[in-house]
Amino acid sequence: MKSIHGFAVLACAALFGLTSATGASAADVAKLIENCSNCHGKDGASTESDVPIIGGVSAQYIIDSMTAYKKKARPCPETKYHAGSKKGQKTTMCQVAKDLGDADVKELAKHFAGKKFVRAPQKTDAALAKKGKELHDRRCEKCHSDGGSVAADDGGILAGQWMPYLRETFKDYSAGKRPMPEKMKPKMRNLSKDDTEALVHYYGSFK
């Protein structure tokens, strides 16, 4: 399963009017980080179950995700800011990505990649988690090593990610709403809803 790219990674900035393709000043970058934190939490440690944890994921994963949003190659459902001066305002990740220059994305990626991935506290079913581990070991471990906990795989961090977020990601893949690497397709093929739920419980069981 190369890359759970539904890590809606960075439901964050939006319509800043601060950035350009040539990059932003230190003050501007700090403002971008603040805006990201309004949805993803301090240092990317999201406390919202529908918003992915991005602190500690690889910089390349964030860059790849934002590039996909710019190209509208990933679903861009409407969302709202969870905190800050824009709390309640509507936006989409495609709009966020469109308004960021490449240099800004690199700065944000570097910042959040340097933070710790804080696993979400969640209740899981032990039997489902066991089944999920077996599925992961057979289908996913090659690309998402150590249970999907290694940032250097550049496929996002699955271990300890919010379960509701992962469920939506699997739904997008199953519905064909989200593209996946060719080598991921046979791994996802024939996965039932029960199988994906087991995987969700396995990843959610990491504390």
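Glycine is treated like the rest: Cβ placed from N, Cα and C.
Remember, predicted model here, so these are calculated numbers, not experimental data.
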| request: Figure out which of MET163, MET180, MET184 sits with CYS140, CYS143, HIS144 in the heme c 2 site per TrEMBL. | output: MET184
| remark: The sparsest Cβ environment within 10 Å, among the binding-site residues CYS140, CYS143, MET184, is found at CYS143
| said: Looking only at CYS36, CYS39, HIS40, MET93, which the record lists for heme c 1, tell me the maximum pairwise CA distance in angstrom. | reply: 13
| task | State the Cα to Cα distance, in Å, between HIS144 (heme c 2 binding site) and HIS40 (heme c 1 binding site), rounded to an integer. | result | 23
| remark: MET93 (heme c 1 binding site) and CYS143 (heme c 2 binding site), compared by Cα position, are separated in whole Å by 26
| Per-state residue totals over the domain 'Cytochrome c' (18-116) - DSSP helix, strand, coil | 48 helix, 4 strand, 47 coil
